[in-house]
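Read through the structure below, which is laid out as C-alpha cells, and then see the notes.
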Amino acid sequence: MKLLEYEAKEILKDAGVPVPKGILIRAGDDAGAGAAQIGELVVVKAQIDVGGRGKAGGILMADSATVQEVADRLLGSRIKDVPVHAVLVEERISIEHEYYLSISIDRSSGSPLILFTSSGGVEIEEVARTNPDAIRRAVIHPLLTDVPGYTIRYLLDGAPRELGPVINKLYHVFRSRDALLAEINPLVTTPSGVYAADGKIIIDDNALARQGISENRDLTDRERKAEEFGFSFVELDGSIGVIGNGAGLTMATVDLITVLGGKPANFLDVGGGADRVRVAHAVQLLGSMPGVSVIIVNLLGGITRCDEVAAGIIDAGVSQQVIVRLAGTNEEQGREMLNKHGYRMLDTMEEAVSAAVEVA
Amino acid sequence: MIYADKNTRVIVQGATGNQGSFHIGRMNQYAQSVGGCGVVAGVTPGKGGQESAGVPVYNSVQEAVDAHDVSASVMFVPGVAAGDSIMEAADAGLELVVAITEHIPVHDVMKACSYAAMRDCTVIGPNCPGLLCPGEISMGIMPSHLYTRGPVGVISRSGTLTYEVVHELTRAGIGQSSVVGIGGDPVIGQTFADVLEQFSEDSQTKAVVLLGELGGNLEEEGARMADLPVVVFIAGTTAPPEKRMGHAGAIVSGGEGDANSKIKRLKSLGIPVASRLSEIPGLIKEMV
C-alpha cells in the first residue's frame, strides 16, 4: 500500500531524517492560524496518490496571508480526477542541490537495493535513460542491520558527507516498516542543512497487519469487496468477465481473450480450493459489473472440486451467459450438473475463450 | 530427476493443519505408488507426540531430524511464521525446503533465503506448488494424475498454469522429467536460472518449458544462460501497470517487468516464446 507524502514524512521524521516544518490540513479544518505559523513563505501540497501532481496543479505557492485561501481552493478541487481531502502546508526551503535516494528490492539477488544520484528532483527512470552512469547502486545483504560505511562512501561519490546518515536512516525505515520502496526525491541540501523535500513509502501488502494498518486504501470498492471474499481481483475495462483459479492461469485466460480479439472486463482469481459459496460470490460479483455481457469460468481443479464449482455457478443465477471450462477432481459430476441446467461447457481453455469472444 | 528422488526422506512443517495433513496423505499416496520414502514425520510446535495422516509429529525440526534422518521439508506454516520456519529447517541441517506458504512478508523471505543459503540449504518457493518428478517423488500440492515420465522439464511461477501445461504436454504424448514451481513472490529461493542449471546436469532432460509472468526479469536471466533448448510463455500481457495480478510478484513497477517488453527481449535473443499455451506442445515437439 502506498503511503501519502505526509505519512511518509512522519515516518522519516521519527527515524531522524529532517523534513521541512509542516502541518496537515483536512477539508473543513480552520487552517489559517496554524498554517501561518509555518513560515512567511509556504508550499501547499495536495495529499493524493497521483504521479505528476505538481504539473497538474496539486502543488501551489502561498504566503502567510494567502495560505488559508490557497488551501481551501485545493481542498475543494480534483487533481487528475482525484478529490483532494487533505493538504500539507510546508515551509519553503531554499534548495542548494537536489539528490535522489531510494531503497527497493532487487529481485535478482533477493536483497535490498540502494540507488543514489546527484541528479535528483526528476524521475529516476529519466536519469536512467539519459545518464545511467550517474546512478550509483549498492545491493545490501538482507541480514545486515546497517549500511556499511564503505558502501555509503561509494554511493555518495563526492556528494556532501552529511547525506551519509540519511542513507542509513532510510535503510532502517525500509527494514522496520516492511517497505517495498522507501524513496526520498528530492533529498536536498540547504543553507540550514539536509532535508527530505518529498518522500514515498510503499508497504508490503503481506505485512500490513503487523504494521498496524487495517485497511488497504489502494483498492477500489469492488476490489475491497473481492478481497473480503478472499479473491484476487483487478478491474479492466472490457465486456468479458473472467473467473479462474490460480494467478497464472487466470492471467493467461485474460491474455488469451485479448489475443483472440475480445476485451476482458477483469482478472478474478478465486484461489485454491474454492467451494460452492465462494464461486457463487465470484460469479455474482462479475454479474453486477456494468458492461459485462458474458462470463467465462476457467477452472482447473486440483484441490478445487468441479461439482462444488458447478453448484456455485448455478446458485449465482446471473442474467449473463456463463461459459464454463472445468477440468480435474469430480469433473464428471460437475459437467452433469451444469448440462442439466443448460450451461455451455467446453473442453479446453481455448475453445471456451473463443466461445466467450464470439458471444461478446 | 533434480533436487529429490525416491530415496529422499521428507518432513512436513505445519503438519497438523488442514493443508498439512491433507497433503501428507496425498504425497505419501504418491510415494507408495512409486515405491518411494515420502513423508516420514511432521512438525508443529506444541503438537509433538500427535500423529498427522499416519506420521508422527514433533515440536521442532531438530527433534524430527534426530528421530528420522530426513534431508528435506515441505512447508505449510502460515505466512507470518514461515520465514522463521525456513531458518529453523536450515539450522537443523536440512538440504532442501519447499515452501508452499503464500503471503509471507517479503522482508522475511529475503532474510530467510539468505540465511538458508549460508547454511547450504536450498529453498524452493515460497508461494509455490512444489516439485514433482514423475515416477520418483511429489513434494508439494501438484495434482500427480496429470503427470507422465518423459524428457521435458517445466519451471513455473504459477501453480495452475503449470498444471494446465503439464496436462497439455501429457495429452500430446510428451512426458516430464521434473516439474518445479518456483513461486509467484518478488523474492524466491530458486530462480529460473538456478533450476535450469539443475536441468542442464540432468541427463534425462532434453528441453525445458519456462512459464513466466509479468514482473522482474528472472525469465530473461534464466533463458539467457540456458544450455538446453527452452520454450517460454509469459502471462500478463494485458495487465495494467501498478496493479498486482494475484501474485505478489506479478506487478509492473517503475516501468520494470512489463510482459510485452519481456517477450520482445526474449525473442530478440532468439528464444521461442509461445503466444498461447496451446502452442507449447508443438514447439517442444520440435526440440525433443
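Note: Cβ is positioned from N, Cα and C throughout, glycine not excepted.
According to TrEMBL, B:Thr16, B:Gly17, B:Asn18, B:Gln19, B:Ile100, B:Thr101, B:Glu102 bind CoA; the candidate from B:Lys6, B:Lys47, B:Lys206 that the record adds to this site is B:Lys47. Note: the Cα of B:Lys47 (CoA binding site) and the Cα of B:His247 (active site, tele-phosphohistidine intermediate) are spaced 32 Å from each other.
Less than 8 angstroms from a Cβ of chain A: among the recorded positions B:Thr16, B:Asn18, B:His247, that describes B:His247. B:Lys47 (CoA binding site) falls outside any helix or strand according to DSSP and counts as coil. Of the listed recorded positions, namely B:Lys47, B:His247, the sparsest CB environment within 10 A is found at B:Lys47. The Cβ neighbour count for B:Asn18 (CoA binding site), using a 10 Å radius and every protein chain shown, is 10. Burial estimate for the binding-site residues (B:Thr16, B:Gln19, B:Thr101): highest at B:Thr101, by number of other CB atoms within 10 Å. Comparing the binding-site residues B:Gly17, B:Glu102 on other C-beta atoms within 10 angstroms of each C-beta gives the minimum for B:Gly17.
Note: the Cα of B:Gln19 (CoA binding site) and the Cα of B:Tyr163 (substrate binding site) are spaced 19 Å from each other.
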